[in-house]
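Data first, discussion second: the structure below is written as structure tokens.
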Amino acid sequence: MRKTFDVIVVGGGHAGCEAAAASARLGAETALLTHRFATVGAMSCNPAIGGLGKGHLVREIDALDGLMGRMADTGGIQFRVLNRRKGPAVRGPRAQIDRALYAAAMQAEIRATPHLSVIEGEADALVLKDDRIAGLKLADGREFSCRAVVITTGTFLRGIIHLGETSWPAGRINEAPAMGLSKSFEQIGFTLGRLKTGTPARLDGTTIDWAAVERQPGDDPAEPFSTLTEEITTPQVECGITRTTTATHAVIRENVHRSPLYSGQIQSIGPRYCPSIEDKIVRFGDRDSHQIFLEPEGLKDTTVYPNGISTSLPEEVQKAILTTIPGLERTRMIRPGYAIEYDHVDPRELEPTLETRRVPGLFLAGQINGTTGYEEAAAQGLVAGLNAARTAGGKEGVIFDRADGYLGVMIDDLTSRGVTEPYRMFTSRAEYRLTLRADNADQRLTWRGLALGVVGFARQAQFDAKMRALDAAKEAAKSLSLTPTEGIRHGLALNRDGQRRSAFELLAYPEIGWADVARIWPQLAEVTPDIAEHVEIDAKYDVYLARQAADVSAFRRDEALVLSGVDYADVPGLSNEARQKLQKAQPRTIGQAARIEAMTPAALGILTAYLRRRSRHRSDAKAG
């Protein structure tokens, strides 16, 4: 085993796998350090990938030739597009995943990746030289040299599991936590916080009364995550839906004092949008019931994940809860649910490249940055791995901004605003939703991945072919036109204004689809359904996209006003509160400063004027 690498990635979860693979795709000699290779690609909580906002991230990861989308297509056992009846901007692709198939596919991919080695062991301490990363020391005494390190420790940093009145150190059920790295971070000067997440019990699906619950099938045909997947070939399954009852709520209320969340045993904050069932009952006391999705964990695994009843109540209380839920009255509980607390670093310590400001060459990704969710972790991992490889090669880091994609929105939110609770991606967080759709992730990002060298030949060939087909279809739709009289003859409701309208312009009408224009111009029927859908979406959003492009231009102008080297004490007119906020956050640009909580327009105006004066003075000095 070699002792020197360009990049070492710590952790084999979703962030770690994407980081290691991205680094290796750029040609950096990369090591993935994990406790046990058998746990690489493990899905610690729910057996699903994607969803609202999250599905956008998976598509963006795929557009940059990441792994998650392809692995999900391999292991997916039910695919659904959420919000399908709404506009394309807020639709969310999602899939139930066979845990075993997903992990096996991920492990095979990691093993087959050139320039990527796997080391089994526990990271104990960061090794610095001249205040920058120089290597990593393991708990067993081994030491490896490198130019960059990516930390993706998930819930393992000083992790503690809570189950009723009992708690014990763990990073995941039956797995030891990582203790040394937290000490290393504190010694360097990082401020660590604590966050909490939880998971529900696991149930024996053979003991569920499936006749008593609603059945939920997937979409047919299934829509893959990856543009490289031609069709889903894995057998598909149904999920079940049931609900809590007033009897369920009574059991929880009688025992809520035994929950670590309410006994004072847990002090840290959990995810707002994924609360435990006891939290739901306390916070939403007027609700008679809460929905539970019964999600199969695999084709050859009878385990079922009851999505919606995450809890850390004592095991016997969890069993009592199950007896009150329709379809689960006689269900055998395989494993109780639990909560887990873990360390995280304030993400405002990071540059938008995910490199730490304190230690050059040190990158963080995933739950260590205060996020929750596989997709959020994976997207950060890809960006961190990409930039770690560039740093190791002596190149500048790459920034994805809020107009580039949801991954840019997330990273900007984290590095500008920090977190007070686990951060989850939603479509509502993005200002440019019409532009940042799940269906056009490759059009937005693959060209950039090609320029960076992170996209391989197979995706390049597929992308080039798709763009040629898309351009040809759009050109054809714009070149074919008719008069209002001709349109009315074809059954279209058009104004008799004498204006010719192209097929592309007709597609902007809400009631006109590709099938309608293809009936008028039969040559359009030759366009494949996926390309036709892209053109139709572009046509329907055309006017709005033009307006949003102007907004993006204004945003980019603000992002171009760089604040590096500004001493806020020297900026006249700033209030003390604004100075303190700016000094603490250290925003990189005016745009980032604008996103600091409670930053006033007046303060931003003063800053902008100061920057312009400074720029003029520097220009005058150079001219002189």
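Using the three backbone atoms N, Cα and C, a Cβ is placed for every residue, glycine included.
Keep in mind that this is a model prediction, so the values were computed, not measured.
The annotation FAD binding site is assigned in Swiss-Prot to G11, G12, G13, H14, A15, G16 on the grounds of sequence analysis. The feature NAD(+) binding site is assigned by Swiss-Prot to 270-284.
Feature map: Swiss-Prot annotations on the structure.
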residue : record              : DSSP class
G13     : FAD binding site    : coil
G270    : NAD(+) binding site : coil
S276    : NAD(+) binding site : coil
V282    : NAD(+) binding site : helix
Completion exercise
As a whole number of Å, the Cα atom of C274 (NAD(+) binding site) is distant from the Cα atom of A15 (FAD binding site) by 20
Problem - Residues close to FAD site centre defined by G11, G12, G13, H14, A15, G16, Cβ within 8 Å - result: V9, C17, E18, A19, T34, V40, T152, G154, G366, A377, G381
Completion exercise
For G270 (NAD(+) binding site), the number of neighbouring Cβ atoms whose distance to its own Cβ is within 10 Å equals 23
Problem - Around the Cβ of E278 (NAD(+) binding site), the count of other Cβ atoms that are within 10 Å - result: 26
Handout entry: Euclidean distance between Cα atoms of A15 (FAD binding site) and F284 (NAD(+) binding site), Å
Key = 34
Problem - Neighbouring C-beta atoms (10 Å sphere around the C-beta of K280 (NAD(+) binding site)) - result: 19
Problem - Minimum Cα separation from G13 (FAD binding site), reported as the residue among binding-site residues G270, R272, S276, E278, V282 that achieves it - result: G270
Exercise for the section: Select one residue from H14, R272: among these binding-site residues, choose the one with the most other Cβ atoms within 10 Å of its Cβ. Expected result: H14
Completion exercise
Lowest 10 Å Cβ neighbour count of the binding-site residues G11, G12, A15, S276, F284 is held by F284
